[in-house]
Amino acid sequence: MKLIIGLGNPESRYNNTRHNIGFDLVDSLAAAFGSSFSSGKGKYLAAKITHRQETLMLIKPTTYMNLSGHAVVAAMNFHKVQKNDILVVCDDLNLPSGTMRLRAKGSAGGQNGLKHIIESLGSDEFARLRIGIRLGEMPPGSFSSFVLGKFSAEERVVMDRTLESCREAVLDFAKNGIEHAMNHYNKSAE
């Protein structure tokens, strides 16, 4: 079993924001497999899908982004999953929109959800899929207002195409592992 943890903020006012791209990905995976989310045994929602004999539990923390580690630990404990069987999906302001980066481990890179997960697990050795949200020219204002802002129509087209590739990358990770997925999917959207 693999846990695919999409990061985001739980309130509906954050739907379709750049910061919630992790939720968007697990939502789209659940929809593609005809699954739906229900309450998990902790502060998260879960949906189960099966792909090529691999079971994936899609997880959406019901905590705010900066407390995501609580949900990750609860889901790992309940499903008896080790760090090498999780993939955390989040936004990345340092990557251009339309880009994804898979990593087997690493720092939080300024992403507060990843930071809390690293603190909660006591380790940075878990796979993550970062989805780029940076525009070529960043608009004036705070980074916070940008990441919590909704995608423009043009951005949404790019992100929808990127999410297709991300779904494929997640399924590749589940079947073949992080190294294989990294070799095949670390590129910009065409």
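Keep in mind that glycine also has a Cβ here, set from the backbone N, Cα and C atoms.
Per Swiss-Prot, active site, proton acceptor is recorded for His19. Taken from Swiss-Prot, the feature tRNA binding site covers Tyr14, Tyr64, Asn66, Asn112, and the record attributes it to sequence analysis. The site 'Discriminates between blocked and unblocked aminoacyl-tRNA' annotation in Swiss-Prot covers Asn9 and is backed by sequence analysis. Annotated site 'Stabilizes the basic form of H active site to accept a proton' per Swiss-Prot: Asp91, in sequence order.
Between the recorded positions Asn9, Asn66, Asn112, the minimum number of other C-beta atoms within 10 Å of a residue's C-beta occurs at Asn66. Here Asn9 (site 'Discriminates between blocked and unblocked aminoacyl-tRNA') is compared against the recorded positions His19, Tyr64, Asn66, Asn112, and the shortest C-alpha distance is to Tyr64. Note: His19 (active site, proton acceptor) has non-local neighbours Gly8, Asn9, Met65, Asp91, Val147, Leu148, i.e. same-chain residues 6+ apart with C-beta under 8 A of its own C-beta. Taking the mean position of the Cβ atoms of Tyr14, Tyr64, Asn66, Asn112 as the tRNA site, the remaining same-chain residues with a Cβ inside 8 Å of that point are Asn9, His19, Thr63, Met65, Leu67, Ser68, Gly113. Sequence-distant neighbours of Tyr14 (tRNA binding site) (same chain, 6+ residues apart, CB-CB distance under 8 A): Gly8, Asn20, Leu148. The 10 Å shell around the Cβ of Tyr64 (tRNA binding site) contains 15 further Cβ atoms across the protein chains shown.
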